[in-house]
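Q: Okay, handing you the structure first.
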């Protein structure tokens, strides 16, 4: 929710500073996400170019004589292609800080001629990326005036992050009400218009719903004739621009303004484009609407719409249609203020993928008691800005909302917060927030205002009092200390799962959590797909069967990473698999796969050639590592042939304990299995049944902590350096690694080349540098800057030169 400081002060009488207001907003739960304070623009003035003469010593420069509103013109040297006599633009005088250049101007000489300022572009003021020429303003702007004041940029923009329950603060007035309750200012009285209506509108509206599906809870409308739909006033345009809305015309801007000012969404129709009367109903199969955003939406039978005799004219509560939109030719309008079912609005918006400011407010809940008043305020504003004459208001389907009452023991505050607050202060806070109360003593009946649908119980009232009184006044109370737990808390299964995770993470594998249900094709490929494991109501066809193995999910995850440029990958998961639907056929399993060259010792390229592809021995080592971690010595198990047919028959094995207990399988995957799943190799993997491992007689071994991985994608760049033969390649690696120890994840030599073309006693050493972003994705400029620093480091420490 964005608003400007002056906009807030239309509703809140206060002398508090911007910082004080922002601090108070955050303290009461309306957290300030960002403040756009462009006070740095106050030094820029509007100026007019009187003359433009070519610079005698430069082809692209001109000597400008600029009128700043002072007695004497200012001489400015300018190289903009659009600089010319008569142009009105923005001038920065000496001493002004230019944010786009990060410099403070001073008087300087350019090719021997003094310049006493600078005509600025939009980019230099950081107002847009346009830098092809200097700013051009209309000729009727006041010369010498502050550009920031003229453009409305002297008004700070505050952006708060609203939680979904605070629908009352989707308007500036609701925010002002909360601030007034803190004592930082006084809430101004809302001026209610007195409309002098002159006629009855001829348009009728009907609500066509069954009682079981009443999607419109009230519909009010007025007609205004003889309007002039010109541009909205500058003050309104400046505020809309400040919060990111594009001004369109007076009628549309008024509805947008009231939506953000008072939290009351409205819609305005061109009455001359409406055919017949309006019906509010559910959509029909095959109906479409070209909305105001230019897109065409296919409507369904669950979507609430407004229609005339020719079809749908608006998606109710979300967005109007292009056919009845208002433009400069509009002379007669219908202004609509309605109440829509919040759940219906949310469902329609999600189904259509349509987001709007109206939907944002209606699906959270608007004030039902403000429907008529909001329409009156909008009508008065239309009459004031667009002229014309207004009709009497018509209303259908509306019933006054019931006032929710909550019995509130004031002792609840102390019980929940351990704070003693005087009863009088408690009631004052509630009154300032708009709550009424009845009764005396320690228990009162509180009437909840209609704009607070989130207040449903006495705990909510305690929260309201506390956020205004000050959450910082609640003293932290430490939890009671408990005696050390002597008996084991974790079961054997839980302990083994934890130990296994540590062991596999210590071998460089990444833990994965995949779905417990997979497609029937995947299940059949791994010995599953039985009828009793099929879901009755699956999420999708690809998730219709309980998994018989962890491997299908891991293989799909590895392929997804390979498709995105990470062919070398090692994944594991510790979870359950299912042989059938009985409890004793559900097994706790540790499964893992390795892809490409992702061995235990690392993947990638080396100076003496590419690393080998993973094979059966890598899978065997991982499987045995799990057994060792769980306390079973690998020397006690037997390795035999006979792994399931999803493994390669000659490159796989079965791990047994004795002749009967099968602990797991490992091996390279069968090409036919990979082909069924549309997965490319090389790939190997294993599965160990954790619940079949005998309990150890000694404490399980410990392993290293798991890796801390960034969620951002790693970037790799190759560099080749020509260096003296006697220089050790490790020195190049060390020099490259030192360029940025935070971003550079690893440096590896993958090629060493010698040839006379490089020069006598020279060699080429190629390295791969892996960059791991931490806070944000790296831009091309970031990578280029780091590359230059890396080359500089290597050159300085080894005498090498970058090979082109």
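Backbone N, Cα and C define each Cβ position, glycine as well.
Quick paste from Swiss-Prot:
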- 38-148: domain 'tRNA-binding' (DOMAIN)
- 401-476: domain 'B5' (DOMAIN)
- 454, 460, 463, 464: Mg(2+) binding site (BINDING)
- 710-803: domain 'FDX-ACB' (DOMAIN)
Q: Would you mind splitting the domain 'B5' (401-476) into helix, strand and coil residue counts from DSSP?
A: 32 helix, 13 strand, 31 coil
Q: Within 10 Å of the Cβ of residue 464 (Mg(2+) binding site), how many other Cβ atoms can be counted across all chains shown?
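A: Neighbour count, Cβ to Cβ under the 10 Å cut-off: 24.
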Q: Have a look around residue 463 (Mg(2+) binding site) and count the other CB atoms within 10 A of its CB, chains all included.
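A: The answer is 17 other Cβ atoms.
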Q: Sequence gap of 6 or more, Cβ distance under 8 Å: name the residues on the same chain that satisfy this around residue 454 (Mg(2+) binding site), in order along the sequence.
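A: Looking at Cβ-Cβ distances below 8 Å from residue 454 (Mg(2+) binding site), excluding near sequence neighbours, one finds 165, 166, 167, 365, 460.
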Q: State the count of C-beta atoms found within 10 angstroms of the C-beta of residue 460 (Mg(2+) binding site), not counting that atom itself.
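A: Other Cβ atoms within 10 Å of residue 460 (Mg(2+) binding site): 17.
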